[in-house]
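Here the structure comes first, spelled out in structure tokens, and everything after it is commentary.
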Amino acid sequence: MDQLFPQGLPFMKMHGAGNDFVVIDSRGRGPVVTPVLARAVGDRNRGVGFDQLAEIHDAEGADFALDFWNSDGSRAGACGNATRCVSDFMMRQLGRDDVRLVTQRGHLAAIRLPDGRVSVNMGQPQRDWREVPLSMAVDTAHLPLPGDPVAVGMGNPHCVFFVPDAEAVDVTAEGRRFETDPLFPERTNVEFASLVGPDRLRMRVWERGAGITLACGSGACATAVAAAERGLTGRHVTLDLDGGVLEIDWRADGVWMAGPVAHVFDGVLSPAFLRALA
Ligand SMILES: N[C@H](CCC[C@H](N)C(=O)O)C(=O)O
């Protein structure tokens, strides 16, 4: 890898509501991210550190494409907050207030709102057990697990628990336990939410492949969908996460997720760092 990048490999550091990302722009040259690279860069002591790594690619019929990796080196089919952050960067580069992109989920649209937040259409929620995916035919609205959680796919799997007080949950212990429950053959992200006002939820999250994060965009979408289906809220919901506020609007054309974006710094992975990966 160091031979491919004798000057090092440039990256951007971004976050959306504290959900943080390393972004590598591979447009014009092809993919470079491997599980080994993702794990090494994701190490908060010996690398850069991130919740997810996003790699930008050229795309046919869209402005760009995105691939996502977790800090344990696994792939994620969706990452709402990284999608919003990279969309903001691309909108600035293209001089526009909207972009179209492609992820494993298909074609998505993102727009900049007048207040500077970025909103992305994460697509329709996946409500069939095969799509989440689950390992057997069960009702996704009431999983046969303690706590009666809801399974929702947003291009990645989510297991949403409604609890009286999200603050009181041991997110690490409970998150670990359900992430690897056999009902989820590809593991799952785990959300704990409580109703704190009309159409307002407090949510804490344990992410598959990354652990506790300050926010999870697809998790906020999944939680809002589950809350609306259970009749706890309407389809326009505000979520208070550890790192900030996300606003979900489940419309006829998909689940829109709006929130803050930040481009923190640009850096270069040194040739020596890349050499050590070989
Ligand atoms: N933070 C991301 C989700 C990452 C999901 C990932 N942990 C997975 O394995 O699906 C978001 O804003 O949607």
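Just so it is clear, glycine is given a Cβ too, placed from its N, Cα and C backbone atoms.
Because the structure is a prediction, the values reported are computed rather than measured.
Record note: TrEMBL gives Asn19, Gln52, Asn70, Gly80, Asn81, Asn189, Glu207, Arg208, Gly217, Ser218 as substrate-binding, and the candidate from Asn121, Asn156 in that site is Asn156. Around Arg208 (substrate binding site), a 10 Å sphere centred on its CB holds 23 further CB atoms from the protein chains shown. On a Cα basis, Asn19 (substrate binding site) lies 7 Å away from Cys216 (active site, proton acceptor). Distance between Cα atoms for Cys79 (active site) and Ser218 (substrate binding site): 6 Å, as a whole number. Its Cβ placed at the centre, Asn70 (substrate binding site) has 24 other Cβ atoms within 10 Å. Residues Asn19, Gln52, Asn70, Gly80, Asn81, Asn156, Asn189, Glu207, Arg208, Gly217, Ser218, recorded as contacting substrate, have a largest CA-CA distance of 16 Å.
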